[in-house]
Amino acid sequence: MTVDPAPRPRPHAGPSGLAERYLHDHWKFYAFQGALMILVGLLALLAPWAATLASTLFFGWLLVFGGIVGTVSAFRARGAPGFWSNLILAVLAILLGLVIIYDPFAGSVTLTWMLALYFLMSGIINIVIAQAVRASTGRFWLLLVSGVINIALAIFLVLGLPGTAVWAIGLFLAVSFISSGAALLFAALGSRNGPAGRTM
């Protein structure tokens, strides 16, 4: 009587594999989300001064729109690692946008603290997701860099208060959206051929 050898672990069975599988299965949606985030960032970059000085409704609606897209994205991949963190970040973006819409002339210092919290959470989540896909793909560095950028933005905002409160809100928000969107877009495009891709 022969004894079967111990079963080999299935490829992509852990959190890393789940993240890669969901990215591959929904790569078109994630690519679309990344492109939208880049577009939002470019729009914010065109007029950071105008948006900052008035704490305008424009930025409020951009945040609400980005939060809605993030919420839909989270639920489309609700079985993937990072579901709750992505959902919380998306809801935070919506709430932050609604605060701006409700009171567009709110104090810029308060708004800067809220954005710093958003950047910090976004950076931490991107780094966590990067670690989740690190074992199965070389594309993790895109999210890792984006996470570091977002955390750096949060630190710069807080350390620069109150001087940065006037000019930095629009510019930093633009950088955050562009870096996160680019990371998501390229990661999605790189996963088209299958979750097993190891593109460096």
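Backbone N, Cα and C atoms are what each Cβ position is placed from, and that goes for glycine too.
Any TrEMBL annotation is an automated prediction that lacks curation.
Residues or ranges marked as transmembrane segment in TrEMBL: 29-51 (among others).
What TrEMBL lists as transmembrane segment is 57-75 (among others). Within its own chain, the transmembrane segment (57-75) has Cβ neighbours under 8 Å at 29-30, 33, 36-37, 40, 43-44, 47, 51, 83, 86-87, 89-101, 104, 169-170, 173, 177, counting only residues six or more beyond its boundaries.
Per TrEMBL, the feature transmembrane segment maps to 87-105 (among others).
According to TrEMBL, the transmembrane segment annotation covers 111-133 (among others).
Positions annotated as transmembrane segment by TrEMBL: 140-159 (among others).
The transmembrane segment annotation in TrEMBL covers 165-190 (among others).
Residues of the same chain lying 6 or more positions beyond the ends of the transmembrane segment (87-105) and with a Cβ under 8 Å from any Cβ of it are 54-57, 59-71, 73-75, 111, 114-115, 117-118, 121-122, 125.
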